[in-house]
Amino acid sequence: MAIEQAWFMEENDEDQRLPHHRNPKQFVSLDHLADLGVLYWKLNPKDYENDQELKEIRESRGYNYMDLLDLCPERVENYEEKLKNFYTEHIHGDEEIRYCLEGSGYFDVRDKEDRWIRIWIKEGDMIVLPAGIYHRFTLDTGNYVKLMRLFVGEPVWTAYNRPQEHHPARKNYINNVTHKVGVPLEAH
């Protein structure tokens, strides 16, 4: 089943904050994202401090560090420059875990054929991008998102811009996606 918050992107030079749907639109299912190692949950952002499901996810996956990040022109110095940095294609050596508490934005991930898939995260969406997946982030035209960032251990957010085919996390990701190793915690 396809959802209306993930789709194959039309690549062009228009504003990165636009949806960039193909014509006709080509939506992507949660199962397709899961095949790429991307996990998704729909949670209650209004009571995240007491959310039992969030607590269980954090405990089972070892997410013991959390902080909050507000992204909007009024709160981020050099906003346009930061947005350009987030939109540069990169990988991380660790998972990227983001929970959208307010607002919305887009995570773009590369599929197995190197096509961009745009994932629209909105209030209540929690997404986990596996270590080694090529991706980027931008806000949508609302220009605001409040994200919870989750980490295993001390927060490390080092971006390695493409190409990174020899990076250990990238090699491991390719191996896992190719051989479908491991069974992730069930996401919905």
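Every residue, even glycine, has its Cβ placed from backbone N, Cα and C.
Fair warning: this is a prediction, and the values are worked out from it, not measured in the lab.
Long-range Cβ neighbours of GLU96 (Fe(2+) binding site) (same chain, at least 6 residues apart, Cβ-Cβ under 8 Å): VAL128, LEU129, HIS135. Secondary structure at GLU96 (Fe(2+) binding site), taken from DSSP and collapsed to helix, strand or coil, is strand. Summarising the annotation, Swiss-Prot assigns Fe(2+) binding site to HIS90, HIS92, GLU96, HIS135 and lists sequence analysis as the type of evidence.
Other Cβ atoms within 10 Å of the Cβ of HIS135 (Fe(2+) binding site) number 23 in total over all chains. Annotation source Swiss-Prot lists Ni(2+) binding site at HIS90, HIS92, GLU96, HIS135, citing sequence analysis.
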Neighbourhood of HIS92 (Fe(2+) binding site) by C-beta distance under 8 A, where only residues 6 or more apart in the same chain count: LEU129, ALA131, GLY132, TRP157, THR158, ALA159, TYR160, ALA169
Residues close to Fe(2+) site centre defined by HIS90, HIS92, GLU96, HIS135, Cβ within 8 Å: ILE91, LEU129, ILE133, TYR134, ARG136, ALA159
